[in-house]
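Taking it in order: structure first as structure tokens, then the write-up.
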Amino acid sequence: MSSASENSTEPWFCDACKCGVSPSCELCPNQDGIFKETDAGRWVHIVCALYVPGVAFGDIDKLRPVTLTEMNYSKYGAKECSFCEDPRFARTGVCISCDAGMCRAYFHVTCAQKEGLLSEAAAEEDIADPFFAYCKQHADRLDRKWKRKNYLALQSYCKMSLQEREKQLSPEAQARINARLQQYRAKAELARSTRPQAWVPREKLPRPLTSSASAIRKLMRKAELMGISTDIFPVDNSDTSSSVDGRRKHKQPALTADFVNYYFERNMRMIQIQENMAEQKNIKDKLENEQEKLHVEYNKLCESLEELQNLNGKLRSEGQGIWALLGRITGQKLNIPAILRAPKERKPSKKEGGTQKTSTLPAVLYSCGICKKNHDQHLLLLCDTCKLHYHLGCLDPPLTRMPRKTKNSYWQCSECDQAGSSDMEADMAMETLPDGTKRSRRQIKEPVKFVPQDMPPEPKKIPIRNTRTRGRKRSFIPEEEKHEERVPRERRQRQSVLQKKPKAEDLRTECATCKGTGDNENLVRCDECRLCYHFGCLDPPLKKSPKQTGYGWICQECDSSSSKFRDRCYIPSHYIHVPEIKEEG
């Protein structure tokens, strides 16, 4: 405001005219309005400085100089103005947000001023920041229209009055105004040269070039002088940040800076990938050469080891002949020393990552009984009733994992289970053994008998525990006889000790599958056919003897031959080595 009266003829000039410049605001893209100079020599609208948070003034009464260093530089170009008609200027300067809570509308101060969205607090209210701005949705509709009409009317009035004044002014008055303007400009230049230097941050703060409206205007003017139309270039407002792996997103071919940067970055990345591939190829060639040398050395060592083994075998056979000759000379059977015995196959320890070595078995591919395919052999499950293999996923319902296999239970497919349940009408039960373990058994349901009311009920039968029979049903005794036949514990223990018979020597010599020799350490005898088998020759191969104390064992041939007999009568399941029953099957 001028300090002179309204009717004074003393000319008044704004700060921009005193300095003789046509400024451009650093906070918005609009050029008309009242400007104030910053301490660094830049220019901003006085209304922008009042409404943008973070802008400070050196002198509050005169509202100058304006300080922008206290504002965070990350706000430049961070938000897009929702009122800018030209999208190239939408991200220039600093946008303010709507003062309504949780509103995400952003706009320039001067753009909001054109739309009539700026407001001030009442004079009697004591508020630190009395300047408010609301978007079209949260501002009062009538108040917004009234302010917008006043702004447009004032702009048109000022332009018309300026043109009329220029016509009405005489040459003497125009010369007087120009002379006074030169005096003000000389004073302003002297004040600018003598004022103290403003504080500047030590570290340079980066700022996007596209956030400066003056820079965009200069670039557009340069393109116009070069004969390049700026209207053909679409404005890409998408997020140009890098992706998660550090590479830029794909850009469509176009004459834009983003595509040029993407193209150069892609070429550099391809060069780096090719160099990395060349290095990896050299390393691969070196490793292959070293592997070939190691193969040659390994073959030589294998040949020398085979020669040494042959020589050791010859010497051992000669030593055994000499030892046998000494036995015939002395007339006694001499024990062969350990050095002359055949060495056992060495078993690698667990630290070396080895397992117990079993005999090699021919590779047999079993096919699924449902899909008739032999893939995924590790997912095939053997039914102990029909002896067919099934994939876990082909079963109905399908299984997610193999049923747990134990020594006292078995598994059968759904068809065999339905056939057995319809024929026998038996349900599964669990029986606790004396050693505390549990096993499954089949309990045959007897038909319901008619009992007259005159006849007394039959005495309850209690099964005799700890009796293991083969091929016949359990025996039951009445509960009355059980109390009469009770024997003291000490006498029963004495009788069991007297009734024990010494075990006969079980000499096992030959395997029925591979015809190889063996002894009690690696052979097991079938209790049905009395044939012996190596642990590794069984199907599936085992690491130790399947026989347990108090239980019998039969081979797979005898098990399949006696399946019909087991369907008609009850055989305790602890005599047969079969997997465990699971709830899924």
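Glycine is no exception: its Cβ is also placed from the backbone N, Cα and C atoms.
According to TrEMBL, the feature coiled coil maps to residues 270-318, out of the candidate ranges 270-318, 417-465, 515-563. Helix first, then strand, then coil: DSSP counts for the domain 'PHD-type' (365-419) stand at 9 helix, 7 strand, 39 coil. Each residue of the domain 'PHD-type' (22-139) gets a DSSP state, and the totals for helix, strand and coil are 18 helix, 26 strand, 74 coil.
Taking H, G and I as helix, E and B as strand and the rest as coil, DSSP gives the domain 'PHD-type' (508-561) the counts 6 helix, 8 strand, 40 coil.
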